[in-house]
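What TrEMBL says about this one:
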type: DOMAIN; residues: 175-320; note: domain 'Alpha/beta hydrolase fold-3'
type: ACT_SITE; residues: S244; note: active site
type: DOMAIN; residues: 376-436; note: domain 'Alpha/beta hydrolase fold-3'
type: ACT_SITE; residues: D403; note: active site
type: ACT_SITE; residues: H433; note: active site
Amino acid sequence: MKLSSVVVTLLLTAGVAYYVYTPLPAAIEEPLKLMLLDALFHVMLQVDYLCQSLGQSRFSVVEGAMSVLVSLGNMAGGHRGGVRVSDVDFDGIPVRVYEPPAVGGGEGGPRRAVMFYHGGGWAFGTSSKCVSVCMGVFTSVTTGCPGCNSNTRTASVVVLLSSSASLSFTSPCLSEKGSYDILCRQMSDELNAVVVSVEYRLAPAVHFPVQYEDCLRAAKHFLQPGVLGSLSVDPQRVAVSGDSAGGNLAAAVAQEISSDDSGVRFSVQALIYPVLQGLDFHTPSHQQNQNIPILHRYMMARFWLLYMGVDTSLSPLILSPALLHHPSVSPSVRSRINWATLLPPKHIKHYKPAAIETGPQGLKNPEVEFLPGLLDVRSSPLLAEQGVLGRTPRALIITCEYDVLRDDGLMYGRRLQDAGVKVTNVHHDDGFHGCASLTQWPFSFDVGKRVIRGYIDWLQENL
């Protein structure tokens with residue numbers, strides 16, 4: 001009996017190790033922690049798929065887990081209590097407004113402002129969802145749930161581990177703590193700025209261009225002189241910003257707002273590892289980092305397909321190198337994402353463009369339903385013409401070496417510079433996608449703290 005128990009234990013240990021272990025570059029700090037986080041994320045996605053079959057909304061498990069981690073981070077010292085938070089609508093779009101403790105600017109004048117679009121593959125992420133946890137399944141609920149009527153109220157969360165065991169703890173009400181709440185509070189507090197986090201609608205309930213249109217509508221409302229004035233915001237010091245898919249939305253909105261000379265425009269754009277095109281999944285960074293946590297190449301393909309509103313089973317089609325050479329993709333468009341000319345040699349390394357398959361695995365159907373969406377500059381800001389780019393505000397672009405999206409940001413920075421825009425490129429040689437969201441216990445990484453520190457310091461100096 002003892003021998004069989006040992007055998008079972010060894011088999012289970014080997015199975016867990018096999019599932020968790022992912023070869024990682026030596027430059028990544030605390031690789032075991034990142035492996036564990038990646039494995040947990042994959043487990044959450046699998047549980048999420050199960051929840052969908054039971055009628056739960058998609059990505060509710062992922063969002064729920066992220067919000068619980070935020071609550072734990074707050075208990076570990078991440079909460080900024082002096083920031084005033086309010087939930088309002090901007091032209092029908094829900095937003096969460098963060099106002100700093102200092103009144104009237106604290107320096108005798110109007111305040112800065114940052115309009116922030118959260119990441120999450122256009123499908124999850126928030127600063128203001130309420131979360132209930134039951135029977136091991138996280139469920140996202142909108143703010144104002146019956147058990148959480150006040151932002152200052154505490155809520156007990158009970159996780160049922162089995163029929164006979166449970167774990168409970170008390171924390172600040174989770175209705176106040178979405179996955180981006182800590183960052184927004186930190187920005188508001190340290191920059192003495194009004195921060196507006198936009199709760200745009202998410203896939204798969206909606207798809208492109210709805211997310212973009214929600215963000216643009218909120219931006220146009222916010223930039224009205226009357227609205228800025230009511231929040232004591234200096235119209236010359238308004239930034240647009242976002243990370244990952246939020247960086248995509250920020251870049252696209254900045255392009256559109258900059259095309260109109262009649263109103264207030266953003267003064268800077270700050271993009272954290274943005275996703276900027278979905279035509280080429282064979283850039284050097286996609287090839288190098290296709291299996292690096294926490295954003296694997298196949299996952300990015302699935303997020304694009306969700307955003308386009310098509311079946312994720314079409315992943316092989318969007319991942320095909322033949323897509324870039326589809327008849328609908330003109331040579332001028334291809335030149336705007338030609339990494340062989342836009343990237344510095346140190347990032348091209350030994351990588352070469354993927355060979356175009358002409359056999360049965362190639363692009364057989366000339367009608368690709370999602371291709372028009374990928375060619376739309378509102379979804380792929382990197383495809384914009386130089387004249388459009390040249391009108392956008394000065395930019396901060398943060399990239400990470402071990403991120404499939406690294407080259408999107410590097411190419412966009414190069415194209416902005418070629419168009420005459422002042423660009424600050426900050427590259428983290430030990431960074432990975434999502435690290436900026438990993439600054440609090442229990443999944444805290446030093447590189448994430450450095451990314452956020454540099455991001456806020458740049459806004460402090462340039463906004």
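Cβ from N, Cα, C; glycine included.
Unlike curated entries, TrEMBL annotations are predicted automatically.
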- Who sits close to H433 (active site): which same-chain residues at least 6 apart have their Cβ under 8 Å from its Cβ? S244, Y273, I292, I294, L295, C400, Y402, D403, V404, L405
- Message: I'd like the per-state residue tally for the domain 'Alpha/beta hydrolase fold-3' (175-320) from DSSP, helix first, then strand, then coil.
- Response: 71 helix, 22 strand, 53 coil
- Item | Residues of the domain 'Alpha/beta hydrolase fold-3' (376-436) by DSSP state, where helix covers H, G and I | 22 helix, 19 strand, 20 coil
